[in-house]
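Structure first, then comments.
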């Protein structure tokens, strides 16, 4: 506790020290840094991201460049194709890294979409309360019990495989949990004195939600967000695996895994490298999510 | 409890209506139709086809007609599998999907809780870390990666198991395992977490203090409580297994409903796709209700109001 009141600083009193307060996020950050598994996961994830976005510039091949004399050749460290080539004679390393760009982007963008919808919806429902709240949450309940995966598949089949549609479809599926979490948080926050003060001061509801409620729900939201990213990446690869994801010549890990699975009896490398990248990425994202949850969890203190 | 169940079933009606409506209009809004083939049909035949399936009527009328049919339990004829009704197709695929999904669920619950409880009892031991590390792998590696890898190792290289088809238990083993592994991982993690919390609780200390054998303490007192979150997870798990079986059936060439769905969507087989979506919708709703009722039986603190 910092004592700033000058009246207390009489003779003999402890001289007021300037102590920097420890914020929630600062505390959480320190705890996260002590979690070795999470730190290792962050480093590995950064390496994967770096490889996917910088790597293709260093590999002397193009994404759709075909080598007619090197079709389905195994990984060859001397010959230049480090991960081998695929059934069309394209360099697998550059395809894996490029596919990673798509998968990671889908993960980020679709999570952002679901985050935006979910947070706004949940905070509004929770803040308004009453009938508006029950109607809004009832809608979430109904949507919740739909077999959503089937709708996403239908969307992809019928409206063509469009990368924007993938973002929207996945984001639209994943916002429900977020809305529930944020609503729950909002319900407890809105009874706090500072909200009452804001209301008494004549702040409009929109501003209260934006300036006071949403920032205070960020803890659980961040935790949930980090766990959504791997889910979304998984969903995209699931769609791509079924042949409903991104289209040639673009590629993603799901597409590559699907091609690899079809050819695995003759060329294992086509399956193992993309699957390995996907697994390592999901693995580290999950560890980071768990780490952040532990770091923010008050039970652990 | 009966009134609760009845109310829940009534509440499911709007949900099903939403499912039906969204699917109906989504499919019909989409470009392309069920009879767009490689060669264009003569206009005459196309008209006759459309008339035979009532596709020439205005949309609202088609919608009402379909709704009436479904209420009588009739999903209409399949557009692509000639001479089969959608109901027939679903019933031919369902036993297979049920066998696949049911076995996977059973496996997931039994192995998952056993591993989780085991890890919790030996918390922070090498065994605990081993099980939880494996569970993390199971969660991070999707089943459409696990399935080909298992096939590659056990089927192709070692030649122990067949890589496709359906019928014998050897053919079942790989798909069931691939479908169950992620769920085993989730359930193990969940059981471990709740078990650790319970083992620290007062009533377990009491049970130990009064000298109950450790076996009774764990099985009758701790494990029963630790299973509660697992029971409530069964609802989402069913949905996950159903979704997963779409891919697994595709990979292993299993003649279940999941394959009909993907084929139906690619073929624009309107009635088949709608039939499968509605069927799965009902299945998930009913299963969630059963799970909630079971939860009430297991946990006396739950009250239905």
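The backbone N, Cα and C atoms fix where each Cβ goes, and this holds for glycine too.
Automated prediction, rather than curation, is the source of TrEMBL annotations.
Annotation source TrEMBL lists domain 'ABC transmembrane type-1' at B:94-295.
The transmembrane segment annotation in TrEMBL covers B:9-30 (among others).
The transmembrane segment annotation in TrEMBL covers B:100-121 (among others). Long-range Cβ contacts of the transmembrane segment (B:100-121) within its own chain (Cβ-Cβ under 8 Å, at least 6 residues beyond either end) map to 127-128, 131-132, 135, 172, 175-177, 179-180, 183-193, 195-196, 199, 218, 223, 226-227, 230, 234, 237-238, 241-242, 245, 248-249, 254, 256.
The transmembrane segment annotation in TrEMBL covers B:133-160 (among others). Counting only same-chain residues 6+ beyond the ends of the transmembrane segment (B:133-160), those with a CB under 8 A from a CB of the stretch are 115, 174-175, 177-179, 181-182, 184-186, 188-189, 244, 247-248, 251-252.
Among the features that TrEMBL reports, transmembrane segment is placed at B:172-188 (among others).
Taken from TrEMBL, the feature transmembrane segment applies to B:230-252 (among others).
For the transmembrane segment (B:272-298), the residues of the chain that approach it from at least six positions outside its boundaries are 1, 4-5, 8-9, 12, 15-16, 19-20, 23-24, 27, 66, 70, 75-76, 78-81, 86-87, 89-90, 94, 224, 227-228, 231-232, 234-235, 238-239, 242, 257, 260-261, 264-265, 304, judged by C-beta separation under 8 angstroms. Taken from TrEMBL, the feature transmembrane segment applies to B:272-298 (among others).
Long-range contacts of the transmembrane segment (B:9-30) within its own chain (CB-CB distance under 8 A, at least 6 residues past either end) are made by residues 59, 62-63, 66-67, 70, 268, 270, 273-274, 277-278, 281-282, 285, 289. Sequence-distant contacts of the transmembrane segment (B:172-188) (same chain, at least 6 residues past either end, Cβ-Cβ under 8 Å): 99-101, 103-105, 107-109, 111-113, 115-116, 119, 131-132, 134-139, 141-143, 146-147, 150-151, 154-155, 161-163, 166, 230, 233, 237, 240-241, 244-245, 248-249, 251-252, 254.
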